[in-house]
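**Student:** Before I ask anything, here is the structure I am working with.
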Amino acid sequence: MFNQNSPIISVEQLNKEIANHRILHRISFSVYPGEIVGIIGHSGSGKSTLLRCLDFLIEPTSGSISIAGFHTSSPIEKISRTAFAKRVAYVSQSCGLFLAKTVFENIAYPLKIRCPEMTKALIEEKVDDVLHFFNLYERKHAYPSRLSGGQKQKVAIAIAIVSDPRVLLCDEITSALDPRSTEDVVDKLSQLNEERGITQVFVSHEIEIVKKLCCQTLVMHQGSIEESGPTEQLFLNPQSAITEELFHMQSIAKGIYEHGENEEILRLGFPKGLAVQGMISQLIQSGGISINILSGDIHLFRKTPLGFLIVALSGGKEQRDWAKSSLREKGVIVKQFQKSR
């Protein structure tokens, strides 16, 4: 059992170069037991390379990685893959199933390889357990060719977790799935975290999934961490233009309204229960400003609803500054969008 107060993953000043080309640069972060951490970024930003470093598939040029008790202080080729795979599991979008084996045989295979002392009865018990968890028990004797894309991906995750790992690394595992299958897989990943306490690192370009699943998120750009923090804070108050672009917020505001000289476009973020509409009414009644609500929505972050409004704030500069300050004092996250050029 790992100490809940100590990181189960610790990365310090990680660098990776291939043929004198910098892939990763000074990457540092920690993941604590039970967290689901997302990694987002444009194609080529280094997300998958970082995940492969965490899985000890490639050795960093410099820096250190500690994951589930394994450390890069030892050359990775000297680390037992069998022992490593019992604690750290890796799933990619390709699934990697044996086509000539049934669903049951695919899931049982790693147990037979990694745990030769395990009895046939115990193997069957563990495989049946994950089959029931993923609602695949009725498909246990089916071959991969008879499965849907979503079912194949769930089998791949079942293979990864049947050995009871402490960490699950997921690389774009929903990218080839239809929306219904994606939702099913994401729900199972969340359930794995809640019921079995499996720490997860989730690489994805699908922002809605990251918002739903991940408590913390790393934003990568050109091999470096551009920004990191609680996922909802990155969404509500991004500090980086890259983060803002990935969450599509600047384009949303520009597409809604082109503001005038004495107007500002604001994005107001607020948790459930904060009566932001009443606050806006009070500000308008105070005089000197007008607030036009342009759009609004509710987003779920790990089942916690957070809302936002995009508004046009009009009035003199002093009155606008007072209105923004008043909203912030009441707990509203205020994000100002730059005027289009």
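Residue numbers in this text run from 1 along the chain shown.
Glycine is treated like the rest: Cβ placed from N, Cα and C.
According to Swiss-Prot, the protein has these features:
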- Gly41, His42, Ser43, Gly44, Ser45, Gly46, Lys47, Ser48: ATP binding site (BINDING)
- 9-247: domain 'ABC transporter' (DOMAIN)
**Student:** Around the recorded ATP site, report the further residues of that chain (criterion: Cβ within 8 Å of the mean position of the Cβ atoms of Gly41, His42, Ser43, Gly44, Ser45, Gly46, Lys47, Ser48; site residues excluded), sequence-ordered.
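**Tutor:** Result: Met220.
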**Student:** Looking only at Gly41, Gly44, Gly46, the binding-site residues on record, which one has the least crowded Cβ, with the fewest other Cβ atoms within 10 Å?
**Tutor:** Gly44
**Student:** Fewest other Cβ atoms within 10 Å: which of the binding-site residues Ser43, Ser45, Ser48 wins that one? Let me know.
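**Tutor:** Selected from the binding-site residues Ser43, Ser45, Ser48 on minimum Cβ neighbours within 10 Å: Ser43.
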**Student:** Where does Gly41 (ATP binding site) sit in DSSP terms: helix, strand, or coil?
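**Tutor:** Looking at the DSSP assignment, Gly41 (ATP binding site) belongs to a strand.
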**Student:** Over the domain 'ABC transporter' (9-247), what does the predicted model average in pLDDT?
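**Tutor:** Mean model confidence (pLDDT) across the domain 'ABC transporter' (9-247) is 94.
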**Student:** Ten-angstrom check, please: count other Cβ atoms within 10 Å of the Cβ of His42 (ATP binding site), all chains counted.
**Tutor:** 14
**Student:** Near Lys47 (ATP binding site), which residues of its chain come within a Cβ-Cβ distance under 8 Å, counting only those 6 or more away in sequence?
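**Tutor:** Once residues fewer than 6 apart are set aside, Lys47 (ATP binding site) is near Ile39, Ile40, Gly41, Asp171, Val203, Met220.
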